[in-house]
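Visitor: So TrEMBL has the following annotated:
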type	residues	note
TRANSMEM	38-61	transmembrane segment
TRANSMEM	73-93	transmembrane segment
TRANSMEM	105-129	transmembrane segment
TRANSMEM	141-164	transmembrane segment
TRANSMEM	196-215	transmembrane segment
REGION	225-268	region 'Disordered'
TRANSMEM	275-296	transmembrane segment
TRANSMEM	308-330	transmembrane segment
TRANSMEM	337-358	transmembrane segment
TRANSMEM	370-396	transmembrane segment
TRANSMEM	403-432	transmembrane segment
Amino acid sequence: MSVLTHLLAVLFGMGSWVSINGLWVELPLIVPQVPEGWYLPSYLSVLIQAANVGPLVVTLMHRLRPGVLNEAAVIYGIVAVGAVASFLLAFFWKETVVVAGAPRSLALLVLTFFLAAVDCTSSVTFLPFMMHLQPHFLTSYFIGEGLSGLLPALAALVQGVGLVRCVNSSQSLNHSGHGARRLEARYQPSNFSAEVFFFFLSAMMLVSLAAFLLLDLHPAVARQQPDPRYSAGSRERSRRSRKRPEQRPMMDPFRPQNHKPRSSLGSSSCSQKQLVFIFVVLGWVNALSNTALPSVQSYSCLPYGNGAYHLSAALAAVSNPLAGFVAMFVSIRSLVFLGFLTVLGTGIGSYIMLMAALSPCPLLVNDGAGAAIMVLAWILFIFSLSYVKVIIGVILRDEGHSALVWCGAVVQLGSLLGAVTMFPLVSVYGLFSSGDPCSTSCP
């Protein structure tokens, strides 16, 4: 039954960000068919950040009215909304409405907001729910969270989204009357439609909902719970939670002075300074890995060719759940080690950002070594920072339910700060120039 619970935790975590991740990888197929064109990603970024009102409400409820919020009911609600919104996208994503004299993809934008609200709110509800299970199941949840990005990417790869074919095209005639020829990138037709892809996303949300239902109510899973108080299902938990405060505060003011921690950051042994360090690192790595660097991935990779771009995107997506899998067997909680990985990931991210800023002519642009280094950089960047996020989640799980709520809130705050910083640099000031995957020309 432990294996079943691990599998259910993976499937449950898979529903955390699958909708928005799926929408992003489908953009190359959507953009040519909507009136917003390539301004659509900018609109989606704003909508996703506006959807942080969801986690804000949940966090304030935990802070101001602890024990009142029915966590299981919220999860049922948001996962169901995600499944319905993904299903409706299949029918309405191309529909337009005239707003202020211009056609707009109103249905697409509204449904995207609901999907973003679902995914953002999952950060402050899914993680705290994992307190109801034994600690070792949390790494399975993080594996599932990583799969929420990998599986849509693999589906889009099978679909053929973003695949480019380089064809010869004639330019204007020169003085001698001959036309110059160059390679031009043309997108390949997809193997199946966007409608089918959105049905796939809806099915994944339904699988996540079914997994949560079993985690919440199945008696075999209840035997895996650390506390028999949680074995009677969500209704009993909700009734009892109103009679007592949250399970354990992040810092226990009544902890005896001679308390001996099991490790440098073991169960309930975090000092105030350690918690500040943990949350600062958590916000920083999420700002880098969730929004800042992904916003310039195409700029950093396309100058090295379309193959390097797709390979880096695919292997980076694999690195996320792989980090959770490694953390399941090698869990190093040392603050020094986490700091080292954060510095390492930040350094690699700085190299990626520098190459994106130098686009379309980054270092080693016409050398195969340049493409190999860029692909390896993305793998190491995502793996190192994903491992840091998983270990911090495991540490904060030992600190209690409230710590996991704040963990989710800081994840969203870090992502928000990364998006707010990069949006004007990329979309307003245009500091980055995209390379041509077929004919990048550099001196």
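Positions of Cβ are set from backbone N, Cα and C atoms, glycine also.
In TrEMBL, annotation is done automatically, which means it is predicted and not curated.
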Visitor: Looking at 73-93, 370-396, 403-432, which one has the highest count of Cβ pairs under 8 angstroms to the transmembrane segment (308-330)?
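Guide: Of the candidates 73-93, 370-396, 403-432, 370-396 scores highest.
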Visitor: Can you work out which residues elsewhere in the same chain, 6+ from the ends of the transmembrane segment (73-93), have a Cβ less than 8 Å from its Cβ atoms?
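Guide: Apart from its flanks, the transmembrane segment (73-93) reaches 15, 19, 22-23, 30, 34, 54, 58, 105, 107-108, 111, 114-115, 117-119, 121-122, 125-126, 129, 194-196, 198-199, 201-202, 205-206, 208-209, 212-213, 234, 238.
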Visitor: Considering only the recorded stretches 38-61, 105-129, 275-296, 337-358, 403-432, state which has the highest number of Cβ pairs under 8 Å to the transmembrane segment (370-396).
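Guide: So the stretch in question is 337-358.
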Visitor: With pairs closer than 6 in sequence left out, are the transmembrane segment (38-61) and the transmembrane segment (403-432) joined by 3 or more CB pairs under 8 Å?
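Guide: By the criterion, they touch.
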Visitor: So which residues does the transmembrane segment (38-61) touch in its own chain, when a touch means Cβ under 8 Å and the partner is 6 or more beyond its ends?
Guide: 20, 23-24, 27, 30-31, 68-69, 74, 78, 105, 109, 112-113, 116-121, 123-125, 405-406, 408-409, 412, 416, 419-420, 423, 427
